[in-house]
Amino acid sequence: MASNKAFTLAVANLKGGCGKTTISTNISAGLTQRGRVGLVDADPQGALKHWVDWGSKEADAQVPVLYSDHTDPVQNLKLAQPNHDFVVVDCPPSLDMAITCQLMIECDFILIPVLPSPLDLWASTQTIEMIESARKTNPKLKAALVLNQTEPRSAMTRAMQTTIERLGVPVLTTSVRRRAVYRNAVVEGVSVFQLGARGRSAADEINQILNEVIPS
């Protein structure tokens with residue numbers, strides 16, 4: 001269970017396609033400005049490993065340390081925690097529900113990305129139920145939903161912000177806007193923090209999310 005080790009943040013949603021890995025990469029990049037960051041890629045697709053490998057080739061890049069020596073992501077997490085100020089975990093999809101629950105027990109905070117559509121919202125209820133299960137072992141575990149790929153002027157986005165509050169899990173004030181720069185960063189193998197003026201608005205957005213999540 002998380003205690004006085006690194007602040008451990010997991011990005012989790014049992015539904016795929018919610019932007020989980022994109023948020024994980026940019027959050028971990030933002031945290032490198034605040035301390036030592038470890039990264040655990042628990043998603044079998046291994047997208048974070050490719051990102052770290054690519055990013056480490058950039059001369060000015062501050063790249064989190066990836067823990068992937070063990071096939072068991074929980075073991076990788078326990079190895080990372082004593083050596084860093086922050087650890088970010090990209091959780092697996094619904095194929096590995098047992099592993100996700102074990103990871104949650106070791107975390108301080110679960111961030112749940114949700115796309116602004118009713119189907120995605122309903123699919124997230126299973127993740128929320130898993131968090132409640134993890135809290136039986138780790139009662140201090142906190143969680144919040146973050147709307148991803150939002151369009152502020154969209155009626156759907158406004159309706160979702162109202163509906164999502166009924167799930168009983170806090171919703172971050174900051175949402176992740178639908179921005180081409182997030183896709184561009186992936187293509188270039190970097191984070192939005194490395195894109196200069198092009199990525200400034202997105203980087204500010206990620207920092208605002210971190211300000212809401214990380215204890216002051």
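All positions are counted from 1 along the displayed chain.
Glycine is treated like the rest: Cβ placed from N, Cα and C.
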Further binder of ATP named by Swiss-Prot next to Gly16, Gly17, Gly19, Lys20, Thr21, Thr22, taken from the candidates Gln33, Gln45:
Gln45
Go through Gly16, Gly17, Gly19, the listed binding-site residues, and name the one with the sparsest Cβ surroundings, counting other Cβ atoms within 10 Å.
Gly17
Proximal but sequence-remote residues of the same chain as Thr21 (ATP binding site) (Cβ under 8 Å, at least 6 apart):
Val11, Asp43, Gln45, Ala47, Leu48, Asp90
Looking only at Cβ atoms, how many others are within 10 Å of the one on Lys20 (ATP binding site)?
25
List nothing but the one residue from Thr22, Gln45 whose Cβ has the fewest other Cβ atoms within 10 Å; the candidates are the binding-site residues.
Gln45
Other residues near the ATP site, CB within 8 A of the CB centroid of Gly16, Gly17, Gly19, Lys20, Thr21, Thr22, Gln45?
Cys18, Asp43, Ala47, Pro113
